[in-house]
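Quick notes on the structure that follows.
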Amino acid sequence: MATTAASSLLKSSFAGSRLPSATRAPSSVVVSTGGAPRTAAISASISSSNPPYDLTSFKFSPIKESIVSREMTRRYMTDMITHADTDVVIVGAGSAGLSCAYELSKDPTVRVAIVEQSVSPGGGAWLGGQLFSAMVVRKPAHLFLDELGVAYDEAADDYVVVKHAALFTSTVMSAVLARPNVKLFNAVAVEDLIVKGGRVGGVVTNWALVSMNHDTQSCMDPNVMEAKVVVSSCGHDGPFGATGVKRLQDIGMIAAVPGMKALDMNAAEDAIVRLTREVVPGMIVTGMEVAEIDGAPRMGPTFGAMMISGQKAAHLALKALGRPNAVDGTIPKVSPALREEFVIASKDDEVVDA
């Protein structure tokens with residue numbers, strides 16, 4: 001194992017200057033096998049007193065500080081211009097929002113902007129329950145893990161366990177951000193919705209730190225992002241939670257936000273997927289925010305519903321955009337984790353009356 005590790009290091013992109021090998025004579029040890037002792041030679045050519053690389057003269061390529069500033073600024077501003085009028089805005093980059101973005105981004109013609117108020121996307125999906133590491137995923141959502149290439153322990157017939165929730169979150173986030181049609185705006189908060197003629201048409205944004213300090217500062221007007229579809233995946237109630245549906249109630253587009261009920265895992269996950277829908281024209285609600293608007297039970301530290309709800313929201317958005325989708329069967333190949341009954345659960349008559 002030591003030889004393999006050393007060989008991998010020597011073949012890596014580690015950018016030091018390799019020193020000459022300091023090969024020592026093989027050592028001899030006596031090994032007892034229960035019978036006559038035998039002598040085994042151990043090579044020490046890999047492990048020497050000198051390190052394999054010398055970094056005393058290491059040097060990066062030179063760069064001007066202004067170039068760094070210009071690269072960051074130009075690219076970010078280009079993204080803001082591109083997504084000032086975009087196809088889909090996803091509000092919240094938790095497990096449901098990222099799953100939605102992953103599914104949407106498979107269509108390279110759909111431009112997707114993800115707005116996340118935290119510096120670090122992922123929501124509550126970096127850990128399991130009570131700050132533990134493992135992520136429990138009920139079947140058949142494990143098929144989504146298979147699609148992503150996330151390893152898991154086949155713990156039982158009904159569920160699987162990912163050894164650390166961060167494995168899922170980092171994998172799906174990396175896959176999403178690698179797609180050229182997706183941009184993540186983290187540390188950006190959504191302060192309001194754009195509504196025209198009874199239809200949600202985008203979001204009102206601001207730097208998250210500015211949003212948190214409106215009471216102490218003035219003259220901090222927001223920015224806007226127009227979108228053909230807004231997907232609200234803001235999570236359950238809290239300081240920054242369920243903000244999409246709460247704003248709909250404030251402006252009279254829905255009657256009430258009853259809040260989620262007490263925990264019932266079996267009822268909750270099915271309900272969240274089944275009730276993921278376009279709640280008002282132009283706005284789809286996914287993830288735990290669904291439980292808030294429908295008074296469904298909370299589900300606790302299981303994550304399968306977040307993944308499938310996010311995927312379903314993506315196909316509802318594709319339908320709204322007039323693109324091939326799984327809801328009306330116009331897409332030839334669907335992620336195997338999307339069960340037919342979950343897709344069929346989304347009906348036009350589920351739209352909440354304004």
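The backbone N, Cα and C atoms fix where each Cβ goes, and this holds for glycine too.
Among the candidates Gly124, Gly282, the residue that Swiss-Prot annotates alongside Ala96, Glu116, Gln117, Val190, Asp221, His236, Met288, Arg298, Met299, Gly300 as binding substrate is Gly124.
Classification of Ala96 (substrate binding site) by DSSP places it within a helix.
Counting Cβ atoms from all protein chains shown, Val190 (substrate binding site) has 28 others lying within 10 Å of its own Cβ.
The Cβ of His236 (substrate binding site) lies under 8 Å from the Cβ of Ala242, Met260, Met288, Glu289, Ala291, Glu292, Arg298, each of which sits 6+ residues away along the same chain. Its Cβ placed at the centre, Gly300 (substrate binding site) has 14 other Cβ atoms within 10 Å.
Of all the Cβ atoms in the protein chains shown, 17 others lie within 10 Å of the Cβ of Arg298 (substrate binding site). The binding-site residues listed here are Ala96, Gln117; among them, Ala96 has the most other Cβ atoms within 10 Å of its own Cβ.
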